[in-house]
């Protein structure tokens, strides 16, 4: 399949974040749909900040509302909600509208769910269940749902493009000689073998970013947290793991340090190595200096990288407010 090129306007129909659309257009063309989706996930979770997430959420109509616009995004939303609208009663739509309003008042953004194929009752049940979440938790869930919607729409966007490429390829095959066909078949097998090599020998692929990264989002302000000091350390004690409740002073070795920039990103915390050393790592944030009136003087997150994971990338974001924080492993 020939490489597929997309522009910002096309991507904005898939996801309403302008930064996401620009990054995807810059990364275009893509050799395949799977590659485009992989790049999209990396951009969405690692390069788009919380402001971009909220911008994307705002581009969606409220669940249960039929968009009147004729834009590609609006028509896709209408199609995705078709099952919900077809299965809803008047009373059900009113209840859905009431709960949507309650949700927006609590969380400050539209209730987001990948609605394709879901009934109105199923969506309402999910809305009620998620309403009890803390804002930090709900922000993460909504971002995951946005990525599901984006992936669904990228598949729709790529579908006519891949069909056109397929038709062109079939025409070329029809006019080729038998000898050319045999050469083509051999070439396809060689290409498939080469494409399969990274899974067997990933060390041949150079990293494009440090193997451990982080960024901090201040959910109380709805913006990235700039100016937070960050330290990355590795456990070098006499025991293979630090023990809970025991003093571990002097057993952590500094790998690198940095300060978050205006986008909340910490910059390079360690060297650009092909493979990580397996072991236990600790990433610490000087939250007390950032928010002197907050509850946490600092936050430390300890995690282990196993021998089978040394070629992976680890992104450890921190969602922070004055009296709470949460984290998860990003892609």
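Here the Cβ of each residue, glycine as well, is placed from N, Cα and C on the backbone.
Per TrEMBL, these features apply:
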type: BINDING; residues: 215, 265, 328; note: substrate binding site
type: DOMAIN; residues: 11-155; note: domain 'Oxo-4-hydroxy-4-carboxy-5-ureidoimidazoline decarboxylase'
type: DOMAIN; residues: 212-330; note: domain 'Transthyretin/hydroxyisourate hydrolase'
Number of other Cβ atoms within 10 Å of the Cβ of residue 265 (substrate binding site) across all protein chains: 20
Average model confidence [pLDDT] within the domain 'Transthyretin/hydroxyisourate hydrolase' (212-330): 84
Intrachain C-beta neighbours of residue 215 (substrate binding site), sequence separation six or more, cut-off 8 angstroms: 46, 49, 224, 260, 263, 264, 265, 266, 317, 318
Composition by DSSP (helix, strand, coil) of residues within the domain 'Transthyretin/hydroxyisourate hydrolase' (212-330): 7 helix, 49 strand, 63 coil
DSSP-derived helix, strand and coil totals, residue by residue, for the domain 'Oxo-4-hydroxy-4-carboxy-5-ureidoimidazoline decarboxylase' (11-155): 103 helix, 1 strand, 41 coil
